[in-house]
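J.: I have a structure I would like to understand better, so I am pasting it below and will then ask my questions one at a time.
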């Protein structure tokens, strides 16, 4: 009796043998299923029918989830702004609250005290700017006609050589600027209030932020430990150790960034105040302190301080000495900050390339506006930790090694 192999289903471990006389009618040995070679090819094709491995499928699912979450965050960015700002402030103020709690201060009272201290610091910063404006406002009114006279005397001959002598009416421009400066502070405040009131969206945004940010900040400070415990309890147990290690790395990165930035702010505030005082500026202290404290807003803070110093030089000196002194002082300060203070105290701690810093500032500013510029570097520090972890996982994966 002759026996012929009959192919089994995928996953079977052996071939079933049937007698030749018991073959089903119409069974053709030339059929692909009756050939051992073709059967092997069929089994191979069926085994490879799944394009994605389980690991790749999980990665694709997580990528899709991250994409959806990112789109939602972008769409809800106006609503999330007070919550995001409150969370950032809570992270900054949490060490102070913990320090008070260790000294038996009730947590609710500790949260209120830290919020009060932060509010006082922000009020001081605003008062410094107002002091500069109040000091320079009357001088600006007196110097504008003189400034226009100097500019007209210097520019008119050059315009005449080009045949454009009548293209600019300096007298009309001067009268327009003086008319704007003649307005009192009450008129300016009334104009601002009218503009805000006529724009319902702006009014709702301002009031909402003023109410929501302190509320979110207090509850986050009060429930900080319980909130972290709840978040930890939702992490799958097999990922818990890795997640905690990643969170500790991010926390360490942010702590180093904040400590370094505070040191940079303090050093620059002292430097600008002393340098402007030596140069003979009457408002050296408020301008210098403001410039140093405002550097936590990258580029914008420095530009604002530089503008105030140039305005002070124009109003107090009215010649090239003031502008030269400001250029020298702020140029040296920028060089020291860029090439020594920031690389030593901040850059080496978060490990961001200067081009990465510029890209982060532009990208976050485009997506989230002013708060995006403010949060660009700390968020980039967190992302750098995550990217470093992903790179390490990639280097140890079979995709890279095989």
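Including glycine, each Cβ sits where the backbone N, Cα and C put it.
Remember, it's a predicted structure, so these values are computed and weren't measured experimentally.
In case it helps, TrEMBL gives these features for our protein:
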- 59-77: transmembrane segment (TRANSMEM)
- 83-101: transmembrane segment (TRANSMEM)
- 108-133: transmembrane segment (TRANSMEM)
- 202-222: transmembrane segment (TRANSMEM)
- 262-281: transmembrane segment (TRANSMEM)
- 287-313: transmembrane segment (TRANSMEM)
- 320-336: transmembrane segment (TRANSMEM)
- 356-383: transmembrane segment (TRANSMEM)
J.: Which one, 59-77, 202-222, 287-313, 356-383, has the most C-beta pairs under 8 Å toward the transmembrane segment (83-101)?
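T.: By Cβ pairs under 8 Å, 202-222 leads among 59-77, 202-222, 287-313, 356-383.
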J.: Can you tell me which recorded stretch out of 202-222, 262-281, 356-383 has the most Cβ pairs within less than 8 Å of the transmembrane segment (320-336)?
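T.: If we count Cβ pairs closer than 8 Å to the transmembrane segment (320-336), 262-281 scores highest.
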J.: Which bits of the chain, at least 6 residues beyond where the transmembrane segment (262-281) starts or stops, bring a Cβ under 8 A of a Cβ in it?
T.: 287-289, 291-293, 295-296, 305, 309, 312-313, 316, 325, 329-330, 332-333, 336-337, 341-342, 345-346
J.: Under 8 Å, at least 3 Cβ pairs, sequence separation 6 or more: does that hold for the transmembrane segment (108-133) versus the transmembrane segment (202-222)?
T.: yes
J.: What else in the chain is close to the transmembrane segment (202-222), if you only count residues 6 or more beyond its ends and a Cβ gap under 8 Å?
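T.: Same-chain contacts beyond the ends: 78, 81-83, 85-87, 89-90, 93-94, 97, 107-108, 110-112, 114-115, 196.
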J.: So which residues does the transmembrane segment (356-383) touch in its own chain, when a touch means Cβ under 8 Å and the partner is 6 or more beyond its ends?
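T.: Sequence-distant neighbours of the transmembrane segment (356-383): 74, 77, 81, 84-85, 88, 250, 253-254, 257-258, 296-300, 346, 350.
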